[in-house]
Amino acid sequence: MNWTTPDLCDRFPEVAVAEPLFRSFGGRAAFSGPLATVRCFEDNSRVRELAMTPGEGRVLVVDGQGSLRHALVGDQIAANAAANGWAGMLIHGCVRDVEILATLPVGLLALAACPRKTDRRGLGDVDVPVNFAGVAFVPGHWLYADASGVLVSSSPLDLAAT
């Protein structure tokens with residue numbers, strides 16, 4: 001990556017900056033792309049389904065409503081996301097299998113780790129606007145993430161000048 005989120009904030013002050021709630025668990029420290037969304041609560045059925053579709057460089061934003069009781073993403077889902085071309089995932093919830101996640105070529109930010117898996121009941125909404133960490137995440141908007149933070153823009157930023 002030829003950018004950092006601090007540099008992007010300086011150059012594009014209109015970007016939304018997420019509250020600093022997230023830890024990095026994936027093997028890619030910085031990632032960006034147009035976002036797709038899932039809203040679910042302790043059920044990762046839709047997350048699993050999307051991870052198995054072509055990501056085409058997108059970022060999957062999962063509003064797990066901040067639950068710390070179950071992990072929405074583990075090694076299998078993250079490996080599928082990486083294999084299918086997803087740039088990264090932002091999880092407003094937990095992940096598991098953290099030792100393996102760190103080896104996968106995908107960005108992965110989440111609140112925490114929890115060893116308990118979710119129930120799969122087929123619940124969840126896909127491609128709906130979600131709000132958490134003080135930011136509105138709208139399908140098609142762009143997300144930029146690195147060790148310094150998470151930014152959202154309504155359109156791709158001109159990175160050539162950074």
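In case you wondered, yes, glycine gets a Cβ from its N, Cα and C as well.
Note that TrEMBL annotation is computational and uncurated.
Keep in mind that this is a model prediction, so the values were computed, not measured.
Annotated substrate-binding residues in TrEMBL are GLY74, ASP75, GLN76, ILE77, and among ARG58, ARG96 the one listed with them is ARG96.
Annotation for ASP75 (substrate binding site): same-chain Cβ neighbours under 8 Å, separated by at least 6 residues, are ARG96, ASP97, ILE100, LEU101, LEU104. Largest Cα-to-Cα span within the substrate-binding set GLY74, ASP75, GLN76, ILE77, ARG96: 10 Å. Following the DSSP three-state reduction, the secondary structure of ILE77 (substrate binding site) is helix.
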